[in-house]
């Protein structure tokens, strides 16, 4: 009896989520409250935890059962479950799902700090607005490429934000010891250089950039292997040396191996374009937040500078994506037309003039405004700009984000596999999350968009696994 009701409950919720009918979904939730007896609901939750979790998670969960303490178990049973569901619905092979979950459970989970329900003050990570030190993402890709899943973390020590480790310096030191196990093929040439160039000899204390975070790591999970990125915050070196963030970043890049002006494939031309845009009097003030590198050979690596603009009109997006007209790319204009269509769907801006600012979070919030990165590669004279739309601030709800993405992906012939993956992504969210999708924001943090060849958009959904929005059976120990 409980099993069949669970099946009906689960299947109807996912179906209505994919159908995109909030009214029907709300009526169904009312039906569940008043029609399904409490005893059956409790039984449903018990059976759900036995049956509905991906088999890869159940296998790895048994393996990790005795190796994780209470803090590790907290993060594994929350973020590990959501990661497992995304891997499953992105249709990774069973072997690959297990390999990724083992790497995550053994290599990342022990470095996420104290459990959030422990009552301790905890580390105020800049990774997400509610200070979770982890973010997941779903890369929709373009053409016929299947979706891939990523995760990003800030290593947090158990003593972070206490007198023993007030600045969380030991979190990164401890994580570096296991990083080679997660990325056995990583190249550390640029890692060693930027560690030195962006870490002050006497680091200042406190919130240099409105937050205490100093370094992030991200892992792209392909079917065959994983690759990594590291993110630095230049504000600490800038304050220690009385320079601007831009000056610190430019010097660090220009002195990196293979990047000097005397090198055959230097970055001077592309870097100069970006500097000219930042310093142009007509450019609105920009906040240079982070820099990232790939942990691969510098010949294949990218250097990305992340910057924020408090302007939120689509007209400002057009200007920034072209660096004020300084970037000449034949695919940029068709790409911006696609971006406008996505923008209108996700943010409900179809009737708003392009010069109109978005309504939502006050512009003084630390993560308000538009986030961008500008990408440089050795041998390329043209930088490439990507936008991260902070839907957590400007969309009406996570439901609107999902349905807006769905409409955009279904409306483009070139979207190929991404369009076919919509039910898989919806199923992952519907399986784990409650009806909070309908009228709240915060699960989707950003929608990242970059223009590809032919004007296609490569879209990435960034997800904050807020455990207070998990269905009750996933919030309990299993």
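Every residue, even glycine, has its Cβ placed from backbone N, Cα and C.
Keep in mind that what you see is a predicted model, and the values were worked out from it rather than measured.
Among the features that TrEMBL reports, L-tryptophan binding site is placed at 135. The feature dimethylallyl diphosphate binding site is assigned by TrEMBL to 150, 229, 231, 302, 304, 306, 388. The transmembrane segment annotation in TrEMBL covers 12-35.
Rounded to the nearest whole angstrom, the C-alpha distance between residue 135 (L-tryptophan binding site) and residue 231 (dimethylallyl diphosphate binding site) is 14. Residues 218, 290, 292, 373 surround the recorded dimethylallyl diphosphate site, their Cβ atoms falling within 8 Å of the Cβ centroid of 150, 229, 231, 302, 304, 306, 388, which are themselves excluded.
For the recorded site, residue 388 (dimethylallyl diphosphate binding site), the DSSP three-state label reads strand. Around residue 302 (dimethylallyl diphosphate binding site), the same-chain residues at least 6 positions away in sequence with a Cβ under 8 Å from its Cβ are 292, 293, 294, 375, 376, 377. Of all Cβ atoms in the shown protein chains, 22 besides its own fall within 10 Å of the Cβ of the residue listed as 'L-tryptophan binding site'. Across the residues the record lists as binding dimethylallyl diphosphate (150, 229, 231, 302, 304, 306, 388), the two Cα atoms farthest apart are 18 Å from each other.
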